[in-house]
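According to TrEMBL, the protein has these features:
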{"type": "TRANSMEM", "residues": "B:7-27", "note": "transmembrane segment"}
{"type": "TRANSMEM", "residues": "B:133-153", "note": "transmembrane segment"}
{"type": "TRANSMEM", "residues": "B:196-213", "note": "transmembrane segment"}
{"type": "TRANSMEM", "residues": "B:233-253", "note": "transmembrane segment"}
{"type": "TRANSMEM", "residues": "B:330-349", "note": "transmembrane segment"}
{"type": "TRANSMEM", "residues": "B:356-373", "note": "transmembrane segment"}
{"type": "TRANSMEM", "residues": "B:401-420", "note": "transmembrane segment"}
{"type": "TRANSMEM", "residues": "B:426-444", "note": "transmembrane segment"}
{"type": "TRANSMEM", "residues": "B:456-476", "note": "transmembrane segment"}
{"type": "TRANSMEM", "residues": "B:482-503", "note": "transmembrane segment"}
Amino acid sequence: MQTWSLVSICVLLSIIARWGVSLNSYSGAGKPPMFGDYEAQRHWQEVTYNLPIQEWYFNTTNNDLNYWGLDYPPLTAYHSWICAYLAKTINPEWVELHKSRGYESTQHKLFMRTTVLVADLLIYIPAVVLYCLYLTDGSSKKKVSVMFCFLLYPGLILIDYGHFQYNGVSLGFALWGILALGLGWDVLGSMAFSLALNYKQMELYHALPFFCYLLGKCIKTGLMGRGLFLLVRVGVTVLATFALCWLPFLAEPSQAMQVVRRIFPVARGLFEDKVANTWCSLNTLIKIRSILSGDSQLYLSLACTLLAVLPSCIRLLTKPTFWHFKLALVNSSLAFFLFSFQVHEKSILLAALPACLLLNDLPLMALWFLQASTFSMLPLFLKDGLLVPYIVTSLGFLFFSIYLLSALDHCSEDKLRLGAYNKLFYWVLKMDLAFIVRWKFYISIAAMVGLSIAAAVLIAPLHLPDLFPVLISTTAFLHFLGTFIHFNVVQFSEPPSRKSQKKSN
Amino acid sequence: MAADSCSWFSALAVGVSLLKCFFISAYRSTDFEVHRNWLAITHSLPVSRWYYENTSEWTLDYPPLFAWFEFGLSQVARSFDANMLQVENLNYASPATVLFQRLSVIVTDVVFIYAARECCRCVRDPKGSRDILSQPSFVLAVLLLWNFGLLLVDHIHFQYNGFLFGFLLLSVAKHLQSQHLQGALLFAFLLNLKHIYLYVAPAYGVYLLRSYCFTQDNKDGSIRWSSFSLRRLLALGAIVTSVCALSFGPFIAMGQLPQVLSRLFPFKRGLCHAYWAPNIWALYNVLDKTLAVLGVRLKLLDKAELPLASMTGGLVQEFEHSVLPSVTPAVTLVCTLLSILPAAASIWLRPRGARGFLRCLLLCALGSFMFGWHVHEKAILIAILPLSILAVENREDAGIFLILTTTGHYSLFPLLFTPAELPFKVALMLMFSIFSFTALRKLHSAQGFLLHPLEVIYLLGLVAVAIACEVVFPLSPWQQRLPFLPLLVTSVYCAMGVCYAFLRLYASLLLQREDKPKLL
C-alpha cells in the first residue's frame with residue numbers, strides 16, 4: 001500500500017480518537033461558580049470580543065480578572081478573539097458580556113470542541129505528519145508507525161479534547177519550529193517557536209535548547225563570518241515576530257508591563273495541587289512552603305532549575321546536532337517541570353512533546369515516560385469524569401507503541417543506550433542491564449495500573465483524603481526523575497552512529 | 001497462515017475493540033431503548049410473558065434464542081445497574097446502563113472476531129510475499145473487522161449485528177472448510193437468533209441439498225440421483241429440527257406459537273422504511289412521483305384525484321402510489337423469489353463448490369434487499385460482509401465489492417443525523433474507503449484496473465451528493481420546504497449503484513464458465 005493511504009488512515013484514526021474523547025465531559029462541567037478551563041476559554045472569548053484591546057489584561061468594571069482573567073500571552077487572546085467572532089455569528093448568547101458567564105449547552109460544547117479540532121488539524125497534526133515523514137529514519141512503514149503513536153499520545157488528547165485547552169496550538173508551533181530546524185531552515189524555525197512562546201509562556205521550557213542549538217550552530221560556522229550573519233537573521237526574526245504579536249500593547253509601556261505581570265504570576269506560590277515535581281514530592285517529607293519565605297522559594301527553585309538545565313544545554317552548545325537538540329529539549333523541559341516555580345500538572349505535556357520525538361530512536365524509554373506522564377494527570381482526569389477515555393487511550397497507546405515500534409523486542413543494551421552505565425558502574429558489568437530495564441518497565445506498568453484502579457475505585461481513608469493523588473504524583477515523580485537522569489546520561493554518551501542520523505544534522 | 005499472523009490479527013482486533021470504546025458516549029438510536037427493554041422483559045418476567053409484554057412500544061420481536069441471549073446479558077447487567085432491568089423504567093439510560101450496553105456489544109463481538117479469523121484461514125496467501133499489508137488474509141481481516149457499516153450500526157446506532165454476523169460468517173467459513181454439518185448448525189442457531197437471515201436460507205437449502213446430500217456428480221457436472229445419501233439428509237434435518245425445537249419448543253408447548261409468529265412477522269408496516277433503503281422500490285417510488293408531477297404539469301392528470309402522497313414523512317406508514325400500481329406484500333414476495341430463483345437454479349444445476357454457494361448466498365441477500373417488503377438500509381451488510389471474502393480472491397468481485405460497499409455504506413449515512421457524529425461517520429467512511437480501494441488495487445494490481453472509468457465517475461458523484469446533503473442543503477432555504485430531499489437523493493443515488501452491483505454479481509454467477517478449483 002502506498003504511504004499516502006497509510007498516512008491518511010492514521011490521521012483519520014487519530015481524528016476519531018480525538019473526537020471520541022471530546023464527546024465526554026470537560027473540566028468544571030456544571031460546577032458553578034468558577035467552572036473550569038472550559039469556562040476560562042469561553043470567558044476569554046467573551047472578554048476579547050466585547051472589550052477594547054487595552055482592557056484585555058486590566059482589571060476593570062467589565063473585566064474581573066479574578067474570574068478567569070486572561071493570563072496567557074497575546075496570541076492566545078487573538079485566537080480567542082477569532083473564535084469569539086465565529087461564536088457570535090452562530091449564537092450571540094455564547095459571548096454576550098456578563099450575561100454569558102457560565103454558559104453551557106450541547107451546541108456550545110460542540111462549537112468549542114470543533115475549534116480545538118480545527119486548530120489541531122491546522123497546526124499540530126500536519127507538523128507531526130511532516131516531522132515523522134522527513135525527520136525519522138527507517139522504512140516508510142516504520143515512519144507511519146511512529147507517526148501513529150505520536151498522534152495517539154493520550155496525555156495531549158485527554159487534556160485538549162477532554163479537560164479542554166488548546167495545547168495543540170503552542171505545542172504545534174513548537175513542533176513546526178523543531179521541524180524547521182531539523183530541515184535546516186533556522187529562520188523559519190525561530191519564527192515558529194516565537195509564535196509558540198507568544199501563545200503560551202510555558203513554552204519557555206523549550207526556549208533554552210532552541211537558543212543553545214542556534215547559538216551553537218552559529219559558533220560552529222564561525223562567529224565572525226556566516227555564523228554572525230545567521231545569528232543576526234535569527235535575532236531579527238525573533239524580535240520582529242515578538243514585536244508583531246505585541247504590537248497593540250507596545251504603545252504604552254504600562255500596557256506591556258501589565259501583560260507581563262499577568263503572564264508570570266510569581267505570587268501564586270511554589271506549587272499548586274498535587275503535581276509530580278520535586279517540590280510537591282518533597283513536601284510529603286519536609287514542608288518547604290512553611291520553612292522558606294516566598295522570595296527564597298522563588299530563588300531556590302530558580303537556582304535548582306538552572307543547575308538542572310545547565311549540563312544538557314552546555315552539551316548542546318558544544319555539539320549542536322539535531323540528536324542532541326532533541327535530547328536537550330526533553331532534558332530542559334523536564335528540568336523545568338521538576339524544579340521550577342508554579343508548575344501545573346498539565347505542564348508535563350511540554351516534556352512529552354520532545355519525548356514523542358524520540359519514539360523512533362529510544363522507543364521503550366520514550367513510551368515508558370509518555371505513559372507515566374499520562375498517568376501523572378490521572379487525578380485531573382478523574383475530577384473531569386474522563387476515566388473511560390483515559391483507560392481506552394492509555395491502553396491503545398501502550399499496546400500500539402509496544403507492538404508497532406517493537407519496543408520490547410529490541411531492548412539490548414546497545415539499543416537502549418545503556419553503554420554509559422556500564423562505564424559508570426563497571427562493577428555491575430556482569431549483570432544484564434537490558435533485562436533489568438525490561439523488568440523495571442513491567443513493574444512500573446503494573447504499579448501504574450494498580451494505582452489507577454485504586455484511585456478510580458477505592459475511597460481514600462478519612463484521615464488521608466489525598467492519599468491517592470499523593471501516591472500517584474510521587475510515583476510519577478520517580479519516573480520523571482529517572483527519565484531526566486537517563487536522558488542526560490544518554491546525551492552525554494556517544495551519539496548513535498547511524499548514517500541517517502548524520503544526514504539529518 | 002504464517003505463524004506471525006496471530007500477532008497482526010490480534011493487533012487489528014484489539015485496535016478495533018478500543019476504537020469501539022470511543023463511541024460509548026456517542027449518539028444512540030431508539031434501538032438502545034429497544035434492547036434495554038428486552039433486557040428488562042427477559043430478566044423480570046416469566047418466559048410465558050415474554051411475547052405478550054407490551055408496556056413499551058418496543059415489544060420483543062426477535063426469535064426466542066435472542067431473547068435467551070438477552071436473558072444471559074441481563075444476569076451481568078444486574079451488577080452494573082439493576083434499575084435498567086425494570087420494565088416500567090422506560091427510556092432509562094444511566095451512565096452505568098450506557099456503559100453496560102455498549103460494552104455488551106463490544107464484548108459479544110468476540111464471536112465476530114473469531115469468525116473473521118476463520119474466514120481469513122480460508123483464503124490462501126501467495127507464498128513468498130513478505131509485506132503483510134498486501135496479503136489477502138490481512139486485507140480480508142481489515143475489511144471484516146473494521147467494516148464501516150458494522151461500526152456505525154452496532155457501536156454508534158446500537159445493535160448486536162456483529163454478534164449475529166459472527167454466526168453467519170462462521171457458518172460460511174465452515175462451509176468453505178467443508179465442515180457442512182457445523183455450518184448448518186451455526187446457521188440454524190443464527191436463524192433462531194434473528195429471522196432476517198431467512199433471506200439467505202434458500203442458498204443454504206439448495207446448496208446443502210445439492211452438494212452435501214448428493215455425494216457425487218456426473219462427469220458433466222449434472223446431478224447423479226443415485227448418489228443421494230439419506231443419512232446425510234437426516235443428519236441435517238435432525239440438526240435443524242433440534243435447534244428450532246430448543247428455541248420454539250417451549251412456546252409451542254405453552255401454545256403461544258401464533259403470538260410469537262405475529263410478533264416476528266409484523267406485516268402491518270409499509271413497503272418502505274421511513275428512510276427508503278436503496279433498492280428497487282426507492283426507484284419505483286421516485287418514478288411514480290416524477291410521473292405524477294409530470295402528469296400534473298402536462299395536464300394529463302387532475303391534481304385533486306391524486307392521493308396525498310406523503311412520501312418519506314418520517315413515520316412508518318403505508319404509502320400509496322399515485323400513478324403506478326401500488327405494491328402489496330405478495331408482490332414483493334413474488335419478486336424476491338423470482339430474483340433468487342436463477343441463482344438457486346444455477347447452483348443446483350452446476351454446483352461450483354463453496355464459492356458458488358457463497359455467490360448464491362450473496363444474490364439471495366441482495367435479491368431480498370432489492371425487492372423485499374419494508375427493508376431496512378442496514379440489511380445491505382448481509383451482502384457486504386460475505387462479499388469481502390470473494391473480493392480479496394477475485395479481481396472481478398473486488399470491483400463489485402467496491403461499488404457495493406461504497407454505495408451501501410454511504411446509504412447508511414442518514415442513520416446518524418446528529419451534528420456531533422458527523423466527524424465520526426465521515427472519518428470512518430473515508431478510512432474504510434481509502435483502505436479498501438488501495439488495498440484491493442494493490443492485491444489485484446497484476447490484473448489491471450478494478451473499476452471502469454464510468455464507475456469511478458459514479459462513485460465520485462457520491463462525494464458531490466455527500467457535500468450537497470450534509471453541508472449545502474442544511475444551509476439552503478429548501479431545508480424548510482423539502483426536508484426529506486437529502487434522504488431521497490441519497491437513497492435514489494445509492495439504489496442505482498446497488499442495482500448495478502446486483503446485476504453484475506448475477507452476471508458473474510451465470511456467465512462464469514467453470515470455477516477454478518479454489519476449495520481448500
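In case you wondered, yes, glycine gets a Cβ from its N, Cα and C as well.
Within its own chain, the transmembrane segment (B:482-503) has Cβ neighbours under 8 Å at 275-280, 282-283, 286, 311-314, 363, 366-367, 369-370, 377, 380, 400, 403-404, 406-408, 410-411, 413-414, 458-459, 461-462, 465, 468-470, 473, counting only residues six or more beyond its boundaries.
Counting residues 6+ beyond its ends, the transmembrane segment (B:330-349) has Cβ neighbours under 8 Å at 202-203, 206-207, 210-211, 222-223, 271, 280-281, 356-357, 359-360, 363-364, 367-368, 370-373, 506, 509-510 in the same chain. Taking every listed stretch (B:7-27, B:196-213, B:401-420, B:426-444) in turn, the largest tally of C-beta pairs under 8 A with the transmembrane segment (B:456-476) is reached by B:401-420.
Under 8 Å from some Cβ of the transmembrane segment (B:7-27) lie the Cβ atoms of residues 98-99, 102-103, 105-106, 109, 113, 116-117, 120, 132, 138, 141-142, 145-146, 151, 154-156, 416, 418, 420-421, 424, all in the same chain and six or more residues away from its ends. Counted as Cβ pairs under 8 Å, contacts with the transmembrane segment (B:401-420) are highest for B:133-153 among B:133-153, B:196-213, B:233-253, B:356-373. Recorded stretches compared: B:133-153, B:233-253, B:356-373, B:426-444; the one with the most Cβ pairs under 8 Å to the transmembrane segment (B:196-213) is B:356-373.
Counting residues 6+ beyond its ends, the transmembrane segment (B:133-153) has Cβ neighbours under 8 Å at 1, 5, 8-9, 12-13, 16, 19-20, 23, 112-113, 116-117, 119-121, 123-126, 159, 161-162, 165, 169, 378, 380-381, 384-385, 388-389, 391-393, 405, 408-409, 412, 415-416, 425, 428-429, 431-433, 435-436, 439-440, 442-443 in the same chain.
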